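Asks: Take this structure, written in structure tokens, and hold onto it; I'll ask about it next.
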Amino acid sequence: MMATILSRSLLRANTRNTRSPALARALSTTAPAVTLASGQTTTLPRPERVRRSVFNVPGSDERKLAKAPKLNADSLVYDLEDGVPFDKKGKARSLVYDALETVDLGRSERAVRINSIGSGLELADLQAVLPSSQLQCIVIPKVQAAKDVQFVDVMIDAVAPEANRANIRLIACIESALGLMNLREIATSSPRLDGLIFASEDLCADMGMVRTSHRRELLYARSAVVTAAVAYGLQAIDLVCIDYKDHAALAEESREGREMGFTGKQAIHPGQIDLIHEHFSPSSKEIDFATRIVEGYRAHAARGVGAFTLDGKMIDMPVVKWAEKLLAKAQWTKA
């Protein structure tokens, strides 16, 4: 019976998701008003969830689950996939559901990473965690095509409590050459999709890459993920720094990721979180400069002047838009 329902629902999903993803996201959520430098009021697709850090906790490890409330990660992901041995999948599902329902994570997003679509484990994962009234996000690993995201989308509508369905968002992990080739269809697959995660280690394994400390072998893939995310209004979460004790390496990766346009980074050790937050939050210097750009634009626009000079730099509309985005992010990270 469940298989029949899912088959029919997937057919509906394939037709309903052909509309504009931006329109669908706007229609499906309450959009907060934002005042631009020009004085005009516009709306964001929906309230932003800050995800500077995305931290995985193995769902079968009771000791680490107990420590989770003490972490200050923006998004805390209870992992049912790679962090859980096959013979402990059932135990992990039970522990994760209990944690979702009973553990206060404070401001951290409550997310679950399921096993990949097609693994044979994903259905049991979703049936176990979607009934939670506290679940806020499903992280979908090894996404190859739009149908992988749409399967989870349909399951949310079929299994999650009706009162919580609108609250559950999706993040797709790009981990393969095929996933990269299908970025556009993945990014527009569901109104619930909120972000893309770049998973470097699985991509290297898939493509036979030689992983290096300079990361040049990953440049195209990282750029492609960021570009797709920005094009379709999604967050872009960067790779894991696997040398988790090397804070210099983490700082370099974080700085580089933000320069490329990533909005956050994955973390695998609690000691990485604060440094990631530091690099993916606007600095006081940046906020001050952005504020002066916006104020300068308003003052000059009132006199009928477009471009102007500030601190020896030419300021025109693209720079003003950059400043507005930075100030908006500064607001979100303080929320």
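Glycine is treated like the rest: Cβ placed from N, Cα and C.
Keep in mind that what you see is a predicted model, and the values were worked out from it rather than measured.
In case it's useful when we look at the structure, here is the feature table from TrEMBL:
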type: DOMAIN; residues: 52-270; note: domain 'HpcH/HpaI aldolase/citrate lyase'
type: BINDING; residues: Arg113, Glu175; note: substrate binding site
type: BINDING; residues: Glu175, Asp202; note: Mg(2+) binding site
Asks: Write out the long-range same-chain contacts of Asp202 (Mg(2+) binding site), meaning residues 6 or more apart in sequence whose Cβ is under 8 Å from its Cβ.
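Replies: Listed in sequence order, they are Lys142, Glu175, Ser176.
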Asks: Across all protein chains in the structure, which of the binding-site residues Arg113, Glu175 has the highest Cβ count within 10 Å?
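Replies: Counting every other Cβ within 10 Å of each candidate, the maximum falls on Arg113.
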